[in-house]
């Protein structure tokens, strides 16, 4: 199993190119199932989850070709299988996004109940109930979600009991080829939903309201091909801004959008960091100062993103003062805290809240990654700790961070990948 060895006490400074957003690339890749003509996607990150999505698409009969590091050509015109199999789906919860496009285009689809990060229940119930409201017949059989419909799905009003990015995306995809108008109320508002809707509209969909809590989709009879560039990864951007903040450095992130990170930037400034933005860059200068502790409460967009919680936990670990971090989106998302305590952090977990008491320094240790965002916080902790840190189970990182050790080395980190 591969691990990272990180040698600490590094100041991370320099320039870094931000990759395309994993959380936009995955739904857009699954949405290509809807297209009857070839699609060209650019700014597609090289990630384990993206590769898994390619394999699922190929199992369905989709032709997928990566022509260079950033460009992918996809032809879904000859899909002849409608099952996303367990051996692929088990590693990635996003696989559920195959169901809605298969169902609305081909009247049937089967997806194995998905896997992925172990951070709470993350049920697929909202995906299923929404599809049922549109006329689908759903059954759970031998670990598979099986969906069928006689004729086209039917547009309807769907109120989401809970804000869900995954279910919002599923229902948008389903509604594109449904008969009539579908209205999704209490919809998620994330930038990746806006990007997916922009992609679908380029193919001929009629979606309005993406980025608000009410999305309207007027069904069309077919979707064509198009070209589309994946939006920059706001979570990767935030991660590198944290890297500068905790190490006393100065980092400029290129190919990014500050307007997708308002809550994160506000908290970084509250922590005493200097943050400057242009149209396509964000620069954080720590001014060589230790950050101040900041309270965090994760919320659906435009609130503070849950995918930045672990990184801000690390910031608070080495900050001046005591902070309270409240996680409202997922269960079990403080599994990085005991690992940071092994490195000298001070804090305790009370239900969905972590109380962190800032310390001046950390010490290297052997730690274990438990999910994608927790794992990157442990790597960054290793960059600033004294001595050597070994991070186990780094396959989590490869699911969501493109060429992470190369990018960190470019900023001054001493990090190597090895196998045991």
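Placed from the backbone N, Cα and C atoms, the Cβ positions cover glycine too.
As the structure is a computational prediction, the values presented were derived from the model and not from experiment.
Feature annotations, courtesy of Swiss-Prot:
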- 117: active site, proton donor (ACT_SITE)
- 22, 23: phosphoenolpyruvate binding site (BINDING)
- 93, 162, 163, 164, 165, 307, 329: UDP-N-acetyl-alpha-D-glucosamine binding site (BINDING)
- 117: 2-(S-cysteinyl)pyruvic acid O-phosphothioketal (MOD_RES)
Binding-site residues listed as 163, 329, least Cβ neighbours within 10 Å: 163
Residue 23 (phosphoenolpyruvate binding site) to residue 165 (UDP-N-acetyl-alpha-D-glucosamine binding site) - Cα separation in whole Å: 10
Recorded UDP-N-acetyl-alpha-D-glucosamine binding residues, 93, 162, 163, 164, 165, 307, 329 - maximal Cα separation rounded to whole Å: 18
Distance, residue 22 (phosphoenolpyruvate binding site) to residue 93 (UDP-N-acetyl-alpha-D-glucosamine binding site) (CA atoms, angstrom): 13
Per DSSP, three-state class assigned to residue 307 (UDP-N-acetyl-alpha-D-glucosamine binding site): helix
Most crowded position, judged by CB atoms within 10 A, among 162, 165 as binding-site residues: 165
Residue pair residue 163 (UDP-N-acetyl-alpha-D-glucosamine binding site), residue 22 (phosphoenolpyruvate binding site) - Cα distance, angstrom, rounded: 20
DSSP three-state assignment for residue 329 (UDP-N-acetyl-alpha-D-glucosamine binding site): coil
Cβ-Cβ distance under 8 Å to residue 164 (UDP-N-acetyl-alpha-D-glucosamine binding site), same chain, at least six residues away: 126, 188
